[in-house]
Amino acid sequence: MPVKIVLLGPPGAGKGTQAKSISNRYSIPHISTGDIFRKNISENTPLGIEAKSYMDNGQLVPDEVTINMVKDRLQQDDCKNGYLLDGFPRTVHQAEALDNFLTEREESIDTALLIEVPKEFILERMTGRRVCPSCGASYHIKFNPPTNDGKCDLCGSDVIQRKDDTEETVKERLDVYENQTQPLIDFYKNKKQLSVVDGTQAINEVFESICKILGSDK
């Protein structure tokens with residue numbers, strides 16, 4: 001039975017890791033809006049050309065362009081047995097457009113899967129990340145610190161905190177997520193399509209919780 005999933009969750013919730021595991025377990029494509037944009041732009045599709053013209057002018061790509069890209073992607077053969085949408089929909093307008101498109105095809109989303117993680121937990125998780133600028137090795141000052149304080153275990157370079165991981169930046173991203181996504185969460189809750197998973201668990205436990213929701217008979 002096909003399984004169609006919308007994946008929701010704040011930055012730092014581990015969506016990418018879980019998306020990969022879900023895709024493998026259920027043999028469905030992991031569809032991210034970033035990948036769709038890059039593919040359309042690199043292949044110079046009409047939608048890609050239109051999107052690029054907005055981006056080149058420093059403008060936001062209109063919802064309709066994004067929606068049409070997603071519609072095209074969902075009609076490809078590898079989506080016949082379901083798919084995992086990551087990064088779409090971002091707004092209630094996009095969710096309604098997706099609903100209308102699926103209704104026309106006599107289909108619907110099976111679940112909107114929310115990986116829920118408290119803000120304090122994400123702040124600790126993201127602001128503690130460190131990376132080696134020389135070899136790319138990743139660390140965490142609490143959960144996976146380098147053996148020698150501040151030095152990469154592999155090459156000895158000083159590890160750094162990326163700009164994206166500073167407390168100010170993380171808080172800004174979380175505020176944007178909250179303001180943008182709460183109406184979307186309410187939308188799926190009202191449609192009784194929302195499933196919530198505790199994202200503070202260990203990675204394998206989060207995945208086990210997801211499988212219980214989706215059914216693990218694949």
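Cβ coordinates come from backbone N, Cα and C, glycine included.
Quantities reported herein were computed from a predicted structural model and do not represent experimental measurements.
Annotated features in Swiss-Prot:
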type: BINDING; residues: Gly12, Ala13, Gly14, Lys15, Gly16, Thr17, Arg129, Ser138, Tyr139, Gln201; note: ATP binding site
type: REGION; residues: 32-61; note: region 'NMP'
type: BINDING; residues: Thr33, Arg38, Gln59, Leu60, Val61, Gly87, Phe88, Pro89, Arg90, Gln94, Arg162, Arg173; note: AMP binding site
type: REGION; residues: 128-165; note: region 'LID'
type: BINDING; residues: Cys132, Cys135, Cys152, Cys155; note: Zn(2+) binding site
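For Gly16 (ATP binding site), other Cβ atoms within 10 Å of its Cβ number 13. Considering only the binding-site residues Thr33, Gln59, Val61, Cys132, Cys152, Arg162, the residues lying within 10 A of Tyr139 (ATP binding site) on a C-alpha to C-alpha basis are Cys132, Cys152. There are 20 other Cβ atoms within 10 Å of the Cβ belonging to Gly14 (ATP binding site). For Phe88 (AMP binding site) paired with Gly16 (ATP binding site), the C-alpha to C-alpha distance reads 14 Å. The CA atom of Thr33 (AMP binding site) is located 28 Å away from the CA atom of Cys132 (Zn(2+) binding site). Of the listed binding-site residues, namely Arg90, Arg129, Arg162, the sparsest Cβ surroundings within 10 Å are found at Arg162.
When averaged over the region 'LID' (128-165), pLDDT in the model lands at 95. If you count neighbouring Cβ atoms within 10 Å for each of the binding-site residues Thr33, Gln59, the highest count belongs to Thr33.
Proximity note: of the listed binding-site residues (Arg90, Cys152, Arg162), Arg162 have a CA within 10 Å of the CA of Arg129 (ATP binding site), given in sequence order. Within 10 Å of its Cβ, the residue among the binding-site residues Phe88, Tyr139 with the fewest other Cβ atoms is Tyr139.
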